[in-house]
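This report refers to the structure that appears directly beneath it.
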């Protein structure tokens, strides 16, 4: 009996199983579709902003934009692939692979949306991937589940019920009290709502994936009320996530939204999985510490991406914290203090003044318009 047990252990620790390989392929495909969807959806949001109220301010004109729908379909395909991946592989293997969507999203934003990615931002992407690989290589084995009722029993244990109550309460506080005042200025607000509810979505998606997998293999799980309860949770959480993710994409830089959303979503999802499925119960301290180091590596990459956002948007000083100083050929300094810097601003006008000088230059006020974080100005000299 010892020999077969050793062989089974070697099989688990050696080559990747067929189910895990399927989950890996599905997770990688999901990241590719989702990463591209961020860019296509934002292109649609930009076009919609030219003809209606922006999504960040409560508008829904983007629903008439074909580009937005193409991006939405791409995201749905990616989510379906991600949904299927959870049926074959554990969350700690599937979820970190979302780092690939960061790379795709940042690269496409750099090339298509002109949201320039600084060198340190590229390093941040690399760190995110390294951290994810570290977690994947040390991910725990998924427990065997034979019925969706087993998942329901895990979800109704006191520890996970406490976690779910905290998540729902925090999301409601953000939606009703924080979003109206700080949603347009703090990137963590919209992403916080998406990430909190996302952790509950993944747990429910895992339950549905297991139910469908068992159903297709001959053990029907569709007549259990628990299956439909999980489906209702998924529908509610996903619809809320889509709404607030749209607001985040329309208000903030895509190259920053993607990694922050990834880190918060991944962290909360793995915490939820550890509480609900007890993933760390059969791991030794070395494996757990290695996984935590992978998380710290991902967080370091995200920090670099966030801190270099202004450097990516303009090669000079940060627009939100410093004055931009332009000097004319005659030596007159013109200082501009923008009220707010976003990815792009339409119909915003700032006033600047040319100081009066002894050689006859008169003080005049002239409009300064900017778009896509590039500034252009026009002034006249009166002799």
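Cβ atoms are placed via backbone N, Cα and C, with glycine included.
TrEMBL annotations:
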type	residues	note
TRANSMEM	23-40	transmembrane segment
TRANSMEM	83-108	transmembrane segment
TRANSMEM	120-138	transmembrane segment
TRANSMEM	158-179	transmembrane segment
TRANSMEM	186-208	transmembrane segment
TRANSMEM	228-245	transmembrane segment
TRANSMEM	252-276	transmembrane segment
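Contact between the transmembrane segment (186-208) and the transmembrane segment (23-40) is absent: fewer than three CB pairs lie under 8 Å, with pairs separated by 6 or more positions in sequence.
Here the transmembrane segment (23-40) has long-range neighbours at 16, 67-68, 70-72, 74-75, 77-79, 81-82, 84-89, 93-94, 97-105, 108-109, 112-113, 249, 254, 257-258, meaning same-chain residues at least 6 beyond its ends whose C-beta is under 8 angstroms from one of its own. Distant neighbours of the transmembrane segment (83-108): 19-20, 22-24, 26-28, 30-32, 34-36, 38-39, 117, 121, 125, 128-129, 131-132, 135-136, 139-142, 202, 205-206, 208-210, 212-213, 254-255, 258-259, 262, 265-266, 269-270, 273, 277, 279, 291, 294, 298, 305; these residues of the same chain sit at least 6 beyond its ends, with a Cβ under 8 Å from one of its Cβ atoms. Residues 92-93, 96-100, 102-103, 106, 255, 259, 262-263, 287, 290-291, 293-305, 307-309, 311-312 of the same chain sit 6 or more residues outside the transmembrane segment (120-138) yet have a Cβ under 8 Å from a Cβ within it.
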